[in-house]
Amino acid sequence: MAYGIWMRSLHQADACNKVNHLPEPQRCQYVKETADCMDNMYLINYLTWHYCHVDSRNKFNAFWSMLAMAVVATYIFWMMQKSVRAYFCPTLKVLADTFSMNENVAGVTLLTIANGSSDLFTAIAGMLVFSKWGFLMSMAQTLFQQTFVAGLVMLTRPFHVEPGYFLRDFGFLFLNTTFMDFIHKRESGITKLGAIPGALIYLAHVLVAVMDQRLLEARVHQLQKTENSELQAEQLEELMRQADLGVHREKIDRSAARRRGGANRQLLQQFWASIFRFDKDQFRRGSLFVRFYLLIKEPMEMLLRLLVPVVDVEKPDYGWSKLLCCLQFIIAPTYIFFILLKDVSLLGTAAYIMTFYVMLPLGCLIFWRTRTDTTPKFFRFTAILGFISVIFLIFFLTSEVMAMFFTIGTIWHMSQSFVMATAICWGLNAGDLVAGIALARQGFPRMAFAATFSSPVFGTFVNLALPLALETTVRSVANAFPVEEGSFGETVCIFVEVSLVISLMSALTTNFQMRRACGMLLVAYYLFFLAVLVLLETDVIHAYGVDI
């Protein structure tokens, strides 16, 4: 849902925010019948709730309606934080270690693609249609990632970044921003020669990052063979620190000596211990508030443990549970297809129900061929299923946040430019924010920081560069495709370029020590940007590019 549907809905004749211009009795019917309103809702229809079940003429009732949405948003962010911390981060760590990636490459590739998966899915579903809001949205996401998310990562855990990695990632993001700014300012429009290079920037970024790691590994192997001095030993230690992700795999014992009893020995006990991890000691020692918190979070966490397969190579037996694994191979693909194709039917049966029938024999086969006391060899590859599962779970939660922000923007009758630069941007990047903070807290701040450079490049690649390339090469018959930045777009772009200069100066003046002071500066800069947007929305000041 999210960005792709929002973009398509902006081209429709009946925009949802017109509901505020209608008489009160007509508003409920309007939000039920207007495609723009319905397409931007997901599981819960917040618009119907507000305009059909709340007397919005009464400010007191309207206030409680908005407060209820804020409570739901808080709960969704809580679920997202739990999902990222307990499932996304361990799975990402396992995959990065499996593919021999260091923190920087994992941030540029795995973390970036995972964070941008919702943009990718919805853009493909929307046939990569170009929108006049694409430039504003790309710049707003870049600013949010590069200032607010990066700043909070530094505040969570200060770290040292390798100068070469920082300058490389900075260079690609700066190139991406300035190139898009340049081609959008061309009065003659964008040609093929202008659009195609923009679509290659992220691909080049990934290629260079992978080549950097391969060169690093080659240098490590060379020093290991020729190490004959204290200086070379120090260089080797430093390079190995850069190349190593720091994951310590537990050894799996599959010898016959471990096999005691039948294949299903203590099956239910193992399953219950895997999904029910209630902290009884904390419950006994905690206050009334702590006990209430533990009671309300456990059902939600049990549901997440059932939905998302986790392979934690730092735990004994990688966290293997036979019955849980069998159920997850059936449940996870089923709910993935529910999220993707909940309205699609095959032969009169819902696509996700068909998926359940298809995966059921596989779950039975796993149950028949495995033991409770021995971790099977295929189990480590379950991390791929877990990675996909948690991505779609975050996509689902992000879609709900997007629907809620869309509702708030409609109720407050904000301009589309303001909503795109604030609420929609926050909703789209909520997963990136939570993932970045969670990774920093778990000891991987460099990975999270690298993603704050590459995620905006990937977002521009999906939401702006690819649609422009298709418009200029396939869909448009004209030699040049006309585009414009818009007043808000040019303003946000200037703030992005200034923020990049601030990031560069922060790194250079601290010898690439990403301190909390740097994080505070970036967060404060983003808050200043929000204040400017509010002044623009209320016409107190003028945007860049607007004649006074």
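Cβ from N, Cα, C; glycine included.
Curation plays no part in TrEMBL annotations; they are all automatic predictions.
What TrEMBL records for this protein:
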- 85-207: domain 'Sodium/calcium exchanger membrane region' (DOMAIN)
- 383-534: domain 'Sodium/calcium exchanger membrane region' (DOMAIN)
- 60-78: transmembrane segment (TRANSMEM)
- 323-341: transmembrane segment (TRANSMEM)
- 347-369: transmembrane segment (TRANSMEM)
- 381-412: transmembrane segment (TRANSMEM)
- 418-440: transmembrane segment (TRANSMEM)
- 447-466: transmembrane segment (TRANSMEM)
- 486-505: transmembrane segment (TRANSMEM)
- 517-536: transmembrane segment (TRANSMEM)
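Taken residue by residue, the domain 'Sodium/calcium exchanger membrane region' (85-207) breaks down under DSSP into 97 helix, 3 strand, 23 coil. Through the fold, the transmembrane segment (60-78) approaches residues 44, 46, 49-50, 54, 397, 400-401, 404, 407-408, 411, 430, 434 of its own chain, all at least 6 residues removed from its boundaries and within a Cβ separation under 8 Å. The transmembrane segment (381-412) and the transmembrane segment (486-505) are not in contact, since fewer than 3 Cβ pairs between them lie under 8 Å (pairs 6 or more apart in sequence).
Of the ranges 347-369, 418-440, 447-466, 517-536, the one with the most Cβ pairs under 8 Å to the transmembrane segment (486-505) is 517-536. Sequence-distant contacts of the transmembrane segment (347-369), counting only residues of its own chain at least 6 positions beyond either end whose CB sits under 8 Å from a CB of the stretch, comprise 322-323, 325-327, 329-330, 333-338, 341, 376. Packing against the transmembrane segment (447-466) from elsewhere in the chain are residues 3, 7, 96, 103-104, 106-109, 111-113, 115-116, 119-120, 123, 128, 134-135, 137-138, 141-142, 145-146, 149-150, 153-154, 159, 161, 165, 169-170, 172-173, 176, 180, 195, 198-199, 201-203, 205-206, 209, 432, 435-437, 439-440, 514: each is 6 or more residues past its ends and has a CB under 8 Å from a CB in it.
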